[in-house]
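Trainee: Heads up, here are the entries from Swiss-Prot:
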BINDING   Glu124, Gly264, Ala265, Met266, Glu267, Asn268  substrate binding site
BINDING   His300, His304, Glu323  Zn(2+) binding site
ACT_SITE  Glu301  active site, proton acceptor
SITE      Tyr384  site 'Transition state stabilizer'
Amino acid sequence: MDLPKEIFLKEYKKPDYLFDSVNLEFQLGEDKTIVTSKIAVSPGTEGTSSPLTLHGRDLKLLSIKVNGKDLKSEDYMVDSRHLTVSRPPGGTFNLEIVTEIYPQLNTSLEGLYKSTGNFCTQCEAEGFRKITYFQDRPDVMATYTCRIEADKTLYPVLLSNGNLIEQGDLEGGKHYALWEDPFKKPSYLFALVAGQLDCREDSFTTCSGRKVTLRIWTPGQDLAKTAHAMYSLKAAMKWDEEVFGLEYDLDLFNIVVVPDFNMGAMENKSLNIFQSRLVLASPETATDGDYAAILGVVGHEYFHNWTGNRVTCRDWFQLTLKEGLTVFRDQEFSSDLGCRTVKRIADVSKLRTYQFPQDAGPMAHPIRPHSYIKMDNFYTVTVYEKGAEVVRMYKTMFGASGFRKGMDLYFQRHDGQAVTCEDFYAAMCDANNTQLPNFLQWYSQAGTPTVKVSSSYDASSQTFSLKFSQEVPPTPGQPVKEPMFIPIAVGLVDSTGKDMPLTSIYSDGMLQSLTSDGQPVFTTVLQFNKKEEEFIFNNIPEKPVPSLLRGYSAPVRLDSDLTESDLFFLLANDSDEFNRWEAGQVLSRKLMLSLVADFQQQKTLALNPKFVDGLRSILRNTSLDKEFIAKAITLPGQGEIMDMMPVADPDAVHAVRTFIKKELALQLKDDLLSTVTNNRSSEAYTFNHDSMARRALKNTCLAYLASLNEPDTTELAFVEYKSATNMTEQFAALAALSQNPGQVRDDTLLDFYNKWQHDYLVVSKWFALQATSDIPGNVANVQKLLGHPAFDMRNPNKVYSLIGGFCGSPVNFHAKDGSGYKFLGEVVLQLDKINPQVASRMVSAFSRWRRYDESRQALAKAQLEMIVSANGLSENVYEIASKSLAA
């Protein structure tokens with residue numbers, strides 16, 4: 001095969017031509033769709049005589065005209081990826097292109113395709129080129145009109161971006177709709193939907209008094225499940241006005257629900273398209289986690305209206321400019337509507353579970369990558385979640401009001417433009433009249449920094465010193481690293497468990513006084529931006545225990561000299577609840593790693609009684625938030641522990657985590673039982689923090705108890721399963737029962753399927769639960785489920801649930817006999833023929849094959865080599881597989 005072409009950030013050039021306006025006409029048909037595109041073109045630079053090169057994939061060109069005249073065949077060239085007009089006229093001109101496409105055959109789900117009988121689009125990042133020939137790049141912004149013609153019976157609803165300005169009937173049972181979007185946008189934000197849909201309608205009055213019509217479109221049978229999404233949308237609109245002063249700018253906002261969708265959701269201007277699971281919810285069919293995800297993602301896509309649509313990215317390398325910022329915004333939104341600490345813990349856990357391994361593997365890239373083969377592969381946890389942490393650091397440095405000033409200046413300067421990460425950095429620094437030395441390294445250096453800290457107390461001078469050093473590990477293409485700018489939020493805790501007032505700090509030859517409007521300061525942010533640096537706190541009357549990196553103020557690994565007793569002390573006393581949780585996590589990680597070493601040396605495993613007591617006191621502490629308690633008694637995941645080992649050992653980590661879980665369940669059994677009993681409720685389901693926290697704590701305790709596999713605890717879980725009145729509690733009980741192989745597990749799984757087989761979203765949960773299971777030899781069960789009548793390889797959600805879920809069970813995916821690897825290798829090649837984007841997400845599970853022992857390495861490598869040598873492999877899969885092999 002021809003090796004795919006790599007694209008580099010440093011090679012960016014402005015477009016030779018600009019598009020001022022784009023008029024699209026779609027004649028939607030069952031066999032083919034005709035697309036007519038009329039574009040007003042102007043030169044990007046005065047007097048340019050360059051050829052005009054347009055992107056295009058899988059298109060049949062029917063005609064091309066310039067200024068109303070057909071072009072002769074010698075005046076343009078077409079190949080499999082481009083249409084080039086050799087000698088465009090000087091100055092402005094009109095370009096008209098007619099193409100024929102086949103949406104019903106488009107299984108890639110990018111461009112225009114059909115999903116359950118409806119037409120639908122997905123254009124980000126480079127899907128618009130599958131609709132018509134175009135400069136398909138984000139720095140080409142134009143105003144759009146879109147006229148859609150279709151059969152009125154089959155497609156009664158016709159939607160596109162902006163405002164509906166005309167509609168009517170046509171001959172032959174057809175009808176049309178004409179949409180106009182007055183705001184300039186890049187092609188990736190174009191959207192079209194046509195089909196049989198019903199809508200939930202509501203309205204929102206903006207802060208300036210504009211009444212906006214809100215509609216959520218879905219097949220009629222699902223309409224009742226859109227109430228929570230509508231609540232989430234209105235809450236997001238209000239929050240963005242209150243927190244960022246950002247008001248919606250059109251009279252209509254549509255959301256459309258689609259069962260077959262590659263992404264979670266898409267922020268197309270005024271016509272958001274969502275995968276079903278991120279909109280549809282009822283207490284009986286969706287869990288608290290689903291409700292929270294819907295709130296966050298509906299918020300996220302709405303927030304893009306300003307951070308992404310009004311101000312967009314100059315090129316795709318800048319993706320974190322819109323995504324890191326908008327993830328940060330949706331995290332803040334969910335925090336304000338729920339419990340901030342619990343949300344922070346969830347976000348940091350996600351970062352450590354998924355992003356840290358990516359940053360330490362062959363696909364490591366900065367939040368702004370330097371190159372890519374296929375942009376779809378860079379919609380990653382690094383660009384999104386680490387990107388959000390980088391945005392959060394601006395807020396940590398400048399405070400909420402300074403961050404708001406930076407945002408205001410960013411919009412004032414760049415509304416209607418396609419810009420870069422440097423533009424955002426400049427707006428933040430200029431608005432606060434401050435420079436952040438070497439902060440831009442976060443955009444260009446890959447890898448997770450490790451910060452080491454040692455402390456010392458001098459009683460005679462009453463000073464406390466913190467010495468920091470930092471190291472960023474080598475990553476592919478970046479062997480040598482520069483020091484990063486790392487904001488470290490610090491508090492000092494006295495022997496009674498209270499925060500000490502901080503008066504002044506000496507560092508780098510400067511004495512800095514700490515006051516805040518005459519009020520004492522208990523947490524300060526240290527600006528650590530050298531290889532090594534010391535900070536000395538003055539007027540510290542006794543030796544404190546430092547609380548470091550409060551609120552997780554930077555996305556780093558922290559290696560401190562805190563003793564075990566310091567950590568137990570912080571677990572009991574730290575006023576920063578995130579660090580209270582973190583102290584427990586550090587203790588858990590240390591315990592698990594030492595037990596893994598014991599297991600590998602075939603020593604008897606024993607649990608530290610202090611650890612059990614520490615968790616018991618958290619469990620009994622009625623002053624703590626219940627969801628916080630649930631998080632605090634949950635052990636770190638297997639992946640997080642494997643990540644800390646020189647050679648990852650999935651069997652040892654699984655055995656140790658299972659041992660600790662059962663031992664805790666045994667020793668805390670009475671406390672766990674009373675917690676389950678005390679947190680039952682017969683009230684109707686409500687989505688609010690207190691109710692969710694109660695369910696989270698109850699379900700966490702139930703999972704511990706069921707792990708014992710004793711008749712009384714199994715019966716308890718079965719009773720909870722049978723008596724549950726909502727999906728959160730029913731599914732948690734099912735998951736608790738599913739930990740142990742046997743008849744009860746099989747019967748309950750079958751009962752659940754029989755009850756919910758007609759709800760495809762619940763069936764996806766059922767697939768995921770079985771796929772992620774750690775029961776021995778699970779690969780055979782998953783193989784069998786591939787042939788289940790409810791499974792469909794063409795539906796991304798089902799693939800993510802079953803195949804993605806299986807890759808999430810380290811002990812089965814990394815089975816010693818290579819059966820997990822073989823299963824994935826075969827599935828990836830099947831999937832690649834249907835949907836390359838989804839296939840490349842699956843093949844990513846192989847990327848860290850070198851972390852394992854030699855026999856596993858050989859087995860995984862064989863699958864990667866088999867994949868790379870396959871005929872007709874997509875660029876998407878080739879990029880991930882070849883980079884994984886090269887590592």
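For all residues, glycine too, the Cβ spot is worked out from N, Cα and C.
Computed from a predicted structure; not experimentally measured.
Can you walk me through where each of these features ends up in the structure?
Mentor: The Cβ of Met266 (substrate binding site) has Gln122, Glu124, Ala191, Asn272, Ile273, Phe274, Glu301 as same-chain neighbours under 8 Å, each 6 or more residues away in sequence.
Taking Cβ-Cβ distances under 8 Å and a sequence gap of 6 or more within the same chain, the neighbours of His300 (Zn(2+) binding site) are Ala265, Glu267, Thr326, Val327, Arg329, Asp330.
The Cβ of Glu301 (active site, proton acceptor) has 24 neighbouring Cβ atoms from other residues within 10 Å, across all protein chains displayed.
When Cβ atoms from all protein chains are considered, those within 10 Å of Tyr384 (site 'Transition state stabilizer') total 21, not counting its own.
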Trainee: For Gly264 (substrate binding site), write down the residues of its own chain that are at least 6 apart in sequence and whose Cβ falls under 8 Å from its Cβ; none is a fine answer.
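Mentor: Non-local contacts for Gly264 (substrate binding site): Phe274, Gln275, Leu278, Val297.
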Trainee: Among Glu124, Gly264, Ala265, Met266, Glu267, Asn268, recorded substrate binders, what is the largest CA to CA distance in Å?
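Mentor: Result: 13 Å between the two most distant Cα atoms.
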Trainee: When a 10 Å sphere is centred on the Cβ of Glu124 (substrate binding site), how many other Cβ atoms does it contain?
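Mentor: Total other Cβ atoms inside 10 Å, all chains included: 26.
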Trainee: To the nearest whole angstrom, what is the C-alpha distance linking His304 (Zn(2+) binding site) and Tyr384 (site 'Transition state stabilizer')?
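Mentor: Checking the Cα atoms of His304 (Zn(2+) binding site) and Tyr384 (site 'Transition state stabilizer') gives a distance of 13 Å.
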Trainee: What whole-number Å value do you get for the CA-CA distance of Asn268 (substrate binding site) and Tyr384 (site 'Transition state stabilizer')?
Mentor: 18
Trainee: Could you state the CA-to-CA distance between Tyr384 (site 'Transition state stabilizer') and Glu323 (Zn(2+) binding site) to the nearest Å?
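Mentor: Spelling it out, the Cα of Tyr384 (site 'Transition state stabilizer') and the Cα of Glu323 (Zn(2+) binding site) are 5 Å apart.
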Trainee: Given the substrate site residues Glu124, Gly264, Ala265, Met266, Glu267, Asn268, which other residues of that chain have a Cβ within 8 Å of the mean position of their Cβ atoms, reported in sequence order?
Mentor: Gln122, Met263, Asn272, Ile273, Phe274, Glu301, His304
Trainee: On the three-state reduction of DSSP, what should I expect for Ala265 (substrate binding site)?
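Mentor: Where Ala265 (substrate binding site) sits, the three-state DSSP reduction gives strand.
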